[in-house]
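Noted in TrEMBL for the protein shown:
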- 22-291: domain 'G-protein coupled receptors family 1 profile' (DOMAIN)
- 6-32: transmembrane segment (TRANSMEM)
- 44-69: transmembrane segment (TRANSMEM)
- 123-149: transmembrane segment (TRANSMEM)
- 169-195: transmembrane segment (TRANSMEM)
- 243-273: transmembrane segment (TRANSMEM)
């Protein structure tokens with residue numbers, strides 16, 4: 001193996017381990033916190049977490065083996081199953097992010113009617129659609145034998161080996177990415193830009209009230225005034241940064257992979273195919289932090305879990321340390 005292949009293999013191992021750890025932590029927070037389970041977005045995050053976990057234990061290991069051995073790492077049946085899962089899980093992840101953006105859009109733009117428009121039943125219907133949508137394309141690909149080991153990506157994925165099916169496969173690939181990546185991107189941009197518009201409107205109202213208050217408080221200390229203005233600037237930037245993160249990570253992780261998929265249809269070789277595959281895998285690493293672990297409620301939950309584990313271990317260690325002393329007490333009394 002070359003140095004570059006070793007680095008790429010190390011990157012896949014790193015992505016796999018971090019994805020497993022981060023998504024398991026999200027799952028633990030969901031199981032531990034009743035408040036998180038009560039929230040409707042928790043269903044979408046749970047679905048996204050399961051997709052990322054299955055990606056980390058199915059597709060990533062076989063891609064790692066494909067990079068190392070430079071050939072199909074398993075039998076045809078295993079490769080077909082993994083290729084089916086990869087197409088299903090990737091599409092499901094994209095649609096889950098779109099569902100989360102729709103939930104945020106309804107919560108921010110229609111706050112008074114949110115609980116009537118987004119109930120558990122509505123979330124279950126949306127998830128049912130994402131599963132049907134995600135399963136339809138790999139079912140069609142598997143029935144037409146368009147799933148196999150792709151040497152450019154060193155993984156089991158959508159792949160057509162028959163030249164006579166090239167036109168049909170090009171059409172299928174175009175429709176698949178248009179109704180998965182492009183559709184999700186349009187939904188993300190539409191909903192989050194609406195959310196950003198509402199957030200900026202509220203920031204302007206708060207800024208007006210803040211400036212009026214600062215004008216009235218003529219005796220206020222300059223440092224307090226400066227802190228108020230600094231908080232005002234941070235407030236304006238906070239929503240923009242969050243929405244830029246949601247849309248930016250989606251584009252950064254998936255767009256290069258989709259572009260190389262199209263490139264392979266019209267060119268005989270795409271040099272950065274494996275690198276774009278790793279970028280797509282990195283979405284399973286970024287999702288837990290972008291949508292869950294960096295939020296206040298999840299940070300509080302996993303800190304409570306860590307404190308509970310540490311407290312239990314300290315109690316056990318203190319009990320073990322006190323056990324020999326308790327055994328010696330009768331001897332001392334005698």
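Positions of Cβ are set from backbone N, Cα and C atoms, glycine also.
Fair warning: this is a prediction, and the values are worked out from it, not measured in the lab.
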Need a quick answer: max count of Cβ pairs under 8 Å to the transmembrane segment (6-32), which of 44-69, 123-149, 169-195, 243-273 is it?
44-69
For the domain 'G-protein coupled receptors family 1 profile' (22-291), would you mind checking the mean pLDDT of the predicted model?
87
Same-chain Cβ contacts of the transmembrane segment (243-273) under 8 Å, 6 or more residues past its ends?
94, 97, 101, 152-153, 158, 169-170, 173-174, 177, 181, 184-185, 188-189, 192-193, 195-196, 279-280, 282-283, 286, 290
